[in-house]
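A short worksheet on the structure shown next.
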């Protein structure tokens, strides 16, 4: 069956269908990772996006029950050069194509994904339509009528999934869990399972709460720390969440990743802006401005913190070496820090996993200070 990917600028790519049938719209973006397609597909941060994978063969190791970052596929559509028809991996339970069909995700193969990526890199991320039923002209029109990612609150669309510490513990399989030394509250804006695993494996007892939990409700739980998760959409739209997070700053140690980093930045008085085509892949170099150390990081974001709006009492700690955008901040006197990239490495390099230990150290230092 024929499938069509149409962009709002009139570009049309015709290929073959796999997965579900129908019509979907979303923001076209690309990911340069060689592996980790199951994590990409199930990452809630990709909600509302039609994802193009630049690696030429996708699906060769199938899908399995362990590698999902949420309970279902989250993308609006999936674009590959070639779909592997036969998978080979001892953990795999089914092939990618049939799994996507069950998940209701439309896929297209047989298109030049590197051409698509270069076009999006030059022209910028744009609205798109992926369809098995419309004409090319109708698909372009559907793309042009799709909502823009800028100004779009997707956190409320995907909803939150509160979890007890026992439910978080159940996500960690095949490992002996360390003692849970500190109790933390994790805001769910679209939290990835592997972030929860890393938090638990680093000695945190994690309670996951909904995105719109108030500061008063959090403080009533008497946590040792607060974690702000990744998530989709425009961070500037989450003004009520900015307000609640601002009310927590200074009262409890805080760490944020990706959207959580952007929310902390807004709460501290900074602003965010939309990147031309975003950072999505597993090989982004980030420089620590204090130590000069460079880490290779996994990233997935279409917005960034505007460095010109960062207040004087907040320090920019990390920058992206590809475009010098802000990759991390920390308050100069209060126990608050955040990073734009994904230290949990799912998929991607594990260079920055020390950040979870840094969060532990921050909490320990805060508790010592308050014990005096």
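Each Cβ is built from the backbone N, Cα and C atoms, and glycine gets one as well.
According to Swiss-Prot, the active site, nucleophile annotation covers 258, on the basis of sequence analysis. The active site annotation in Swiss-Prot covers 342, 344 and is backed by sequence analysis. The L-glutamine binding site annotation in Swiss-Prot covers 45, 231, 233, 259, 262, 300, 302, 303, and the record cites sequence analysis as its basis. As annotated by Swiss-Prot, domain 'Glutamine amidotransferase type-1' applies to 183-369. Among the features that Swiss-Prot reports, region 'CPSase' is placed at 1-179, with the record citing sequence analysis.
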Counting only residues outside 45, 231, 233, 259, 262, 300, 302, 303 in the same chain, those with C-beta within 8 angstroms of the L-glutamine site's C-beta centroid are 230, 232, 234, 235, 258, 301
Using a 10 Å radius on the Cβ of residue 344 (active site), the other Cβ atoms enclosed count 25
Around the Cβ of residue 259 (L-glutamine binding site), other Cβ atoms within 10 Å, all chains included, total 33
Counting other C-beta atoms within 10 angstroms, the emptiest spot among the binding-site residues 45, 262 is 45
According to DSSP, residue 231 (L-glutamine binding site) sits in coil
If you rank the binding-site residues 231, 233, 302 by how many other Cβ atoms lie within 10 Å of their Cβ, the lowest count goes to 302
Looking only at the active-site residues 258, 342, 344, residue 303 (L-glutamine binding site) has its closest CA neighbour at 258
Nearest by Cα to residue 45 (L-glutamine binding site), of the active-site residues 258, 342, 344, is 258
Cβ density check for residue 300 (L-glutamine binding site), other Cβ within 10 Å (all protein chains) comes to 29
Candidates 231, 233, 302 (binding-site residues); nearest Cα to residue 344 (active site) turns out to be 231
